[in-house]
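To start, the structure itself, in structure tokens.
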Amino acid sequence: MESVTFEDVAVEFIQEWALLDSARRSLCKYRMLDQCRTLASRGTPPCKPSCVSQLGQRAEPKATERGILRATGVAWESQLKPEELPSMQDLLEEASSRDMQMGPGLFLRMQLVPSIEERETPLTREDRPALQEPPWSLGCTGLKAAMQIQRVVIPVPTLGHRNPWVARDSAVPARDPAWLQEDKVEEEAMAPGLPTACSQEPVTFADVAVVFTPEEWVFLDSTQRSLYRDVMLENYRNLASVADQLCKPNALSYLEERGEQWTTDRGVLSDTCAEPQCQPQEAIPSQDTFTEILSIDVKGEQPQPGEKLYKYNELEKPFNSIEPLFQYQRIHAGEASCECQEIRNSFFQSAHLIVPEKIRSGDKSYACNKCEKSFRYSSDLIRHEKTHTAEKCFDCQECGQAFKYSSNLRRHMRTHTGEKPFECSQCGKTFTRNFNLILHQRNHTGEKPYECKDCGKAFNQPSSLRSHVRTHTGEKPFECSQCGKAFREHSSLKTHLRTHTREKPYECNQCGKPFRTSTHLNVHKRIHTGEKLYECATCGQVLSRLSTLKSHMRTHTGEKPYVCQECGRAFSEPSSLRKHARTHSGKKPYACQECGRAFGQSSHLIVHVRTHSAGRPYQCNQCEKAFRHSSSLTVHKRTHVGRETIRNGSLPLSMSHPYCGPLAN
């Protein structure tokens, strides 16, 4: 076993020194001086590192860029002043009391090397390497470039049965500083052929990675996650500086790009790239570049809010962080670290290969268990599964309506608040959704980007194009579960269902009359305003609806474009053709819920329902007599305006209805 040096038992702080309070700094000072005394009493090299000399004079060590453990060779035992140091018990009690007040946080990163008292067996000369002289007698430090085990300690609340103090081990390479490399050259010159380090296996990035579980990760704030990112990038750079070939893992690319910890679905930590192969020389930035940029932050220059600290010298392009600067340098240089072998597309990070490979190969690894529909991403599968379960997790607190997605709930809340944040810059009309604003703006520009491939007709909305295409294919995918009637659009099915439920959600503010659709309500409002928009060019009749005008125009032209395929009879309106088609099929989709009697037309069902309710909604204004049908009321009114005399031969008959007998005088 080799001799134990001061570096083996030292507690090294890098960026964590600022997180320590005065009690912990004093504890660190006492601990390092105590280790020096212990090593001196065991016959360790009689030299005191410069950082310990400064610890004896002040409570803080050098900064990271200057705080290298340097062996100066100056006698130091006489300079120790233990009476100036506080009691170990007092420091521990004070530190423990402060620990209880600290919240969850990443506050320490120390090298955990067992002290001399904690070793199972004391060091003997037989355990040391077979050397003729101790290493310090040859004028060298006896240190070697070894992998020191580090541990990140995170206090988090208890998760189940787990210990609230969670620790993850990792190995971080302790690089030889410049002064140590000079001593090694001198050592090799004085003792050629002398072994200075034991043989070790190659260390991969997976060996030095610190991994947190998702439960642990959520308890870290932004400062702690930033510290974690810096530690991981430092580990990688240290490995890259000593390894001949080291490919950047996919997870590290995510870490550089987002500053977030990777998850298991992003890839396993590995020292080799997944297919396709990666070029290590292009994937690893130079250590000089890292040192140059890191020195900016070490000097204490803090960017102001909104200021971009890092600049690329080639184009003076500013950057907020280090990682985009490296990526920009590679983009400017035209480098590409990874290349897809099949489609020959190059990517700067190997993780970017995932999406092109899925698109190219059509990989859809997430399949639905119910309909066997597959998706590329798990988030799409979760969203799709809600269509089967009909799960509506997001409830409106005002009206109780439930929605499947939170975005739909947010849009719905605007109907209660009346908020319309999206306003047209030309006409000032406002909308609740940005998509509706985009569609509205096409009315001003006349843009119709959606064109039918069959007939060339263009539309300004994709939904209008889809509905139009179904007129060519004859597809009616939306079918009523009660009567079996099919529709081309889902909105038409929703309107049709109100004929079964008798729901009329749209009510007139002036007279209170309800309607099934908003279109019918808008038409009704014109009765109060007297507005009539559509005028017949032939007879001058003004109509309130465009569809009514089209039907009216056919009375002048005699056009009957709707022909029955069975008997050849033609009709001027599609509704008349549908009613006629039921005479051939015998289909009666409208059934009475009380007696079960079925009818071929909804109007016949409405009239029949009044026989059960004894409702007579049509009342005469003069005699207040009520009728079930409007036609009966019309016939009744003729008795008040006078009798119509129809002569049949010489016998005058007073008739008010063609099916009624003669009325008494």
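Glycine is treated like the rest: Cβ placed from N, Cα and C.
Quick caveat, the model's predicted, so the values are computed rather than measured.
Per Swiss-Prot, the features are:
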type	residues	note
DOMAIN	4-74	domain 'KRAB 1'
DOMAIN	203-274	domain 'KRAB 2'
ZN_FING	366-388	zinc finger
ZN_FING	394-416	zinc finger
ZN_FING	422-444	zinc finger
ZN_FING	450-472	zinc finger
ZN_FING	478-500	zinc finger
ZN_FING	506-528	zinc finger
ZN_FING	534-556	zinc finger
ZN_FING	562-584	zinc finger
ZN_FING	590-612	zinc finger
ZN_FING	618-640	zinc finger
For this session: May I have the DSSP-based helix, strand and coil counts for the residues of the zinc finger (366-388)?
Result: 11 helix, 4 strand, 8 coil
Exercise. When the pLDDT values for the zinc finger (534-556) are averaged, what is the result?
Worked result: 84
Exercise. In the zinc finger (590-612), how many residues does DSSP call helix, how many strand, and how many coil?
Worked result: 11 helix, 4 strand, 8 coil
Exercise. In the same chain, which residue numbers or ranges, 6 or more beyond the ends of the zinc finger (478-500), come under 8 angstroms Cβ to Cβ?
Worked result: 467, 470-471, 516-517, 589-590, 602
